[in-house]
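According to TrEMBL, the protein carries these features:
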DOMAIN    122-246  domain 'Type II secretion system protein GspF'
TRANSMEM  6-27  transmembrane segment
TRANSMEM  48-77  transmembrane segment
TRANSMEM  83-104  transmembrane segment
TRANSMEM  227-247  transmembrane segment
TRANSMEM  262-283  transmembrane segment
Amino acid sequence: MVTDAWAGALLGGALAAGVLLIVSATRRSGRVADRSSRVTAGDRLRAWLLRAGVPGLAPAGFVVLTVLAGVVAAALAEALLTVPGFALAAGCAGAALPWALVNWRVMARRGATRAAWPDVVDHLVAAVRSGVALPEAVAALATLGPEATREQFARFGRDYRATGAFARCADRLKDELGDPVGDRIIETLKMAREVGGTELVAVLRALAASLREDAATRNELQARQTWVVNAARLGVAAPWLVLALLATRPEGREAYATPEGTAVIVVAAVVSVIAYRVMIAIGKLPEERRWFR
């Protein structure tokens, strides 16, 4: 029993590492890479973790956490059910869990930031109209701005006070925010600081009105598409719950412990992943691309 559990755990860990490599390759091929740039997969993973609000977690630590989650999930499944195929599937699910959690945090923070941008622009307009310098106006958003973006603007204020380089600190702020709307706002402020101009207030007001209209439209569409996402999750989870219940019975364990049963579980896992990705793609609203990086 113990030997089988460790064998299942090792198999699950190996499969989890394979899933990690596949996910990393998919994330890399999903973006159009600039051959002249030297941005590595570790840099992209570090930026992704930064957007999730976990800057203290290094990419190597996240990879180790992923493998450990897969091994633990596979070992638990093998110890409880003694079905190698189910242990492999549990290892894959465990390895994917950290990625799903970080992605959920990224999407949640992006949604909160998207809703906060009109208020950020309003604060900038008020500061500019009152004669406050642009760096001080941006740094003041750490206390006056919406809660969702205060941490990033606080770091900008500390960086600017330490270096005095507005453009460099603004670029670092863009990386931390990781939002296309934030890119547009920051690039507008950088241009206004470098070349001057009297139309900054009018441009920011027009941008705030456009952002509010876009947010209202997106919220309405998301409310209509929520049922698609919930149906996808239920459709994927239900068969595996039934499978786990069947595997608790002796005859079920014997059937799924055979090579044929393992093949059925593996095929079912592949079909579940493909079907889930298709359903999520159907219900997902297109995200605005980042043109200013």
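Glycine is no exception: its Cβ is also placed from the backbone N, Cα and C atoms.
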Any contact, the transmembrane segment (262-283) to the transmembrane segment (83-104), with at least 3 Cβ pairs under 8 A = yes
The domain 'Type II secretion system protein GspF' (122-246) - residue tally per DSSP class, helix then strand then coil = 110 helix, 0 strand, 15 coil
Take every residue in the domain 'Type II secretion system protein GspF' (122-246), average their pLDDT values, and give the whole-number result.
-> 84
